[in-house]
Amino acid sequence: MTILTHTLGFPRVGLRRELKKAQESYWAGNSTREALLAVGRELRARHWEQQKQAGIDLLPVGDFAWYDHVLTTSLLLGNVPARHQNNDGSVDIDTLFRIGRGRAPTGEPAAAAEMTKWFNTNYHYIVPEFSKGQQFRLTWTQLLEEVDEALALGHKIKPVLLGPVTYLWLGKVKGEPFDRLTLLTDILPVYQHVLAELAKRGVEWVQIDEPALVLELPQAWLDAFKPAYDALAGQVKLLLTTYFEGVTPNLDTIIALPVQGLHVDLIHGKDDVAELHQRLPVDWLLSAGLINGRNVWRADLTEKYAQINAIVGKRALWVASSCSLLHSPIDLSVETRLDTEVKSWFAFALQKCGELALLRDALNSGETAALEEWSAPIQARRHSRRVHNAAVEKRLAAITAQASQRENPYEVRAEAQRARFKLPAWPTTTIGSFPQTTEIRGLRLDFKKGNLDANNYRTGIAEHIKQAIIEQERLGLDVLVHGEAERNDMVEYFGEHLDGFVFTHNGWVQSYGSRCVKPPVVIGDISRPAPITVEWAKYAQSLTDKPVKGMLTGPVTILCWSFPREDVTRETIAKQIALALRDEVADLEAAGIGIIQIDEPALREGLPLRRSDWDAYLEWGVEAFRINAAVAKDETQIHTHMCYCEFNDIMDSIAALDADVITIETSRSDMELLESFEAFDYPNEIGPGVYDIHSPNVPSVEWIEALLKKAAQRIPAQRLWVNPDCGLKTRGWPETRAALANMVKAAHNLRQAK
């Protein structure tokens with residue numbers, strides 16, 4: 001039984017982000033649809049060939065998406081919201097873009113569908129919308145066309161489909177409430193049709209993704225898998241594919257299904273290979289997800305070999321990436337600026353394909369010399385001085401419970417803060433960033449490229465900060481910010497100033513649509529060699545008598561939005577960051593900054609997939625925040641900002657952060673999010689966002705007033721702040737001025753109405 005290699009998917013965007021550039025050019029009306037489609041064809045052909053040359057035996061087809069693979073599945077099934085449909089009922093690429101982003105070169109603009117995180121990754125998918133009695137039919141044949149493309153190029157392929165149960169699980173009901181699981185019988189005929197078309201083309205194996213099988217699903221959803229797969233059986237061999245967690249808790253459901261193989265994530269799950277081998281039907285193929293698809297680290301292939309070798313020859317076996325390589329950058333070879341030693345520790349998507357080929361060859365032959373040679377750098381890393389900092393490890397080990405406790409409870413602190421700041425009722429502020437103009441971006445780029453010296457760069461940044469303070473004073477805001485002109489990204493900026501991080505030059509990964517991010521990589525113990533934000537905060541404060549907030553990104557968010565180390569726990573990384581930023585809080589305070597905001601937008605999205613694992617995560621996540629903040633004196637006010645849509649299930653932890661003020665995103669929910677805080681009797685101060693910064697629309701004074709009055713019905717007015725939903729980085733100055741002026745006016749009106 002020869003072992004084969006395959007990947008669950010490959011990055012779509014292209015080494016130079018060609019897809020992003022083609023999409024944005026098309027959306028702007030600067031190129032034709034045909035030009036966009038040609039870029040897609042060229043990228044697919046290139047990526048198939050690259051994987052093949054790297055040693056992948058079965059190439060994934062159907063992993064490419066023009067925006068998002070869940071949205072592609074919606075179009076495949078004919079699930080197009082009425083507001084996005086073409087008049088003639090047809091479906092084209094502009095239909096897809098209207099659903100994803102609200103507008104396209106053709107058709108009428110309409111509200112985009114909701115977007116949310118793909119399981120516990122930093123990739124986002126477009127949430128399917130379901131309505132009672134809706135019909136499904138095969139309307140978008142992208143998968144079949146791409147299969148034809150790959151076959152014409154002579155490739156051995158494995159089409160990829162998002163499975164029917166997971167697809168329904170990921171969606172939301174719109175309009176009249178009903179159980180969306182009842183739609184299963186309606187979508188299965190479309191899946192049957194697609195599988196029949198694939199069988200006609202001579203396809204042997206189809207990868208059918210059901211990552212919902214790693215979750216703690218309600219029993220009704222678990223029970224739905226058997227009839228669903230009974231309906232899909234018989235046309236091609238099905239590789240039931242799971243990832244991001246283990247399958248053991250749901251294995252009884254899985255082994256009853258009429259499929260021919262199972263893929264398991266052996267990186268992020270705790271499944272035991274011997275137990276899987278024992279419990280799976282003897283004629284099933286096992287696809288072992290041994291290479292991490294979500295990180296940038298070179299694998300220790302000697303460990304992977306030992307993990308799987310015991311079952312070689314005992315059942316059909318493939319070796320694979322743990323999940324799609326979508327979550328990894330494409331090619332390490334173009335990272336010419338990385339330090340040689342550090343570079344030897346990494347593997348990007350193409351290198352991970354090579355790792356699979358090395359592992360396959362060793363498992364088939366029993367010869368392991370190549371594995372030992374490949375693994376030597378990652379083994380040597382364990383003893384590198386770049387990784388271990390004895391002072392950091394000693395400080396972390398010495399943390400006591402006292403380190404995460406403020407000096408006094410909120411009630412005492414609030415008195416000290418009121419006496420210090422003497423803020424009016426309904427105090428107004430913003431979340432942190434102001435518009436990142438072309439001038440600001442140009443200034444940073446020129447400095448980075450060496451076209452501008454440090455003195456001129458600092459003079460330019462200082463001028464933008466000064467203008468931000470002048471604008472805020474003109475508007476009449478009560479608590480000001482410096483505007484973050486010096487920051488490119490809220491995580492990257494801190495990573496650049498902390499030891500223990502490195503940055504790639506071209507390590508882009510897709511976040512959603514055309515948006516790509518370049519996460520920092522945590523390579524070792526984290527420390528702060530010098531103050532990071534103090535200079536600019538102190539300068540901004542010198543320009544005004546009003547308080548200026550110091551602005552920090554919190555430890556859990558920095559962790560969640562970086563590629564983490566694999567040799568220590570996430571808890572260890574978060575607490576190391578917290579200790580480094582604790583020193584920043586102390587230095588800001590010593591510089592006269594009386595209000596310090598520690599943003600934690602990722603606290604909720606970092607939750608483990610299984611609820612039974614939540615408590616442990618929340619315990620150390622909250623502790624990391626508190627270690628970061630607790631050095632502050634009573635009279636220093638600690639703010640935090642979070643942009644979630646759901647608080648109910650983590651309110652205990654939100655309260656346990658013990659921030660003096662929390663600002664949250666509420667405008668789009670019409671203040672309904674405050675129900676969680678009201679029901680919990682949240683004791684500290686809250687700034688419910690009063691307008692949506694993602695929209696260029698300027699809210700009226702009356703609209704903001706109405707929202708604030710609604711908020712005051714749930715939270716005592718003396719504990720309410722007035723602020724936008726989020727930072728204003730992506731907005732232009734004209735709508736920013738107009739919206740903030742109306743916000744300040746609404747607050748003044750409410751003060752006078754008292």
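Just so it is clear, glycine is given a Cβ too, placed from its N, Cα and C backbone atoms.
Pulled from Swiss-Prot:
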ACT_SITE  H694  active site, proton donor
BINDING   R17, E18, L19, K20, K117, R515, C516, W561, E605  5-methyltetrahydropteroyltri-L-glutamate binding site
BINDING   I431, G432, S433, E484, D599  L-homocysteine binding site
BINDING   I431, G432, S433, E484, D599  L-methionine binding site
BINDING   H641, C643, E665, C726  Zn(2+) binding site
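Here the features listed in Swiss-Prot are placed on the structure.
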residue : record                                                : contacts (Cβ under 8 Å, 6+ apart)
R17     : 5-methyltetrahydropteroyltri-L-glutamate binding site : W508, C516
L19     : 5-methyltetrahydropteroyltri-L-glutamate binding site : R12, V13, V39, G40, L43, S514
K117    : 5-methyltetrahydropteroyltri-L-glutamate binding site : Y123, H124, Y125, E605
I431    : L-homocysteine binding site                           : V481, Q597, H641, T663, I693, N723, P724, D725, C726, G727, L728
E484    : L-homocysteine binding site                           : G432, S433, F434, M490, M551, G727, K729
D599    : L-homocysteine binding site                           : G432, M490, M551, L552, T553, G554, T557, T640, H641, M642
C643    : Zn(2+) binding site                                   : P601, I664, E665, D725, C726
Please identify which of E605, E665 has the densest Cβ environment, defined as other Cβ atoms within 10 Å, among these binding-site residues.
E665
Which entry in the list of binding-site residues, C516, C726, has its Cβ near the fewest other Cβ atoms, using 10 Å as the limit?
C516
Hey, which of the recorded positions H641, H694 is the loneliest by Cβ count within 10 Å?
H694
Under DSSP, is L19 (5-methyltetrahydropteroyltri-L-glutamate binding site) part of a helix or a strand, or is it coil?
helix
Could you tell me which of these binding-site residues, G432, S433, has the fewest other Cβ atoms within 10 Å of its Cβ?
S433
Taking the recorded L-methionine site as I431, G432, S433, E484, D599, identify the other residues of that chain whose CB atom sits within 8 Å of the mean position of the site's CB atoms, giving them in sequence order.
T430, V481, M490, M551, Q597, H641, G727, K729
According to DSSP, does H694 (active site, proton donor) fall in a helix, a strand, or coil?
coil
Among I431, G432, S433, E484, D599, the annotated L-methionine contacts, find the widest CA pair distance and round it to a whole Å.
14
Under DSSP, is K117 (5-methyltetrahydropteroyltri-L-glutamate binding site) part of a helix or a strand, or is it coil?
strand
May I have the list of same-chain residues other than H641, C643, E665, C726 whose Cβ is within 8 Å of the Cβ centroid of the recorded Zn(2+) site, in sequence order?
I431, P601, M642, T663, I664, G689, D725, G727
Looking only at R17, E18, L19, K20, K117, R515, C516, W561, E605, which the record lists for 5-methyltetrahydropteroyltri-L-glutamate, tell me the maximum pairwise CA distance in angstrom.
29
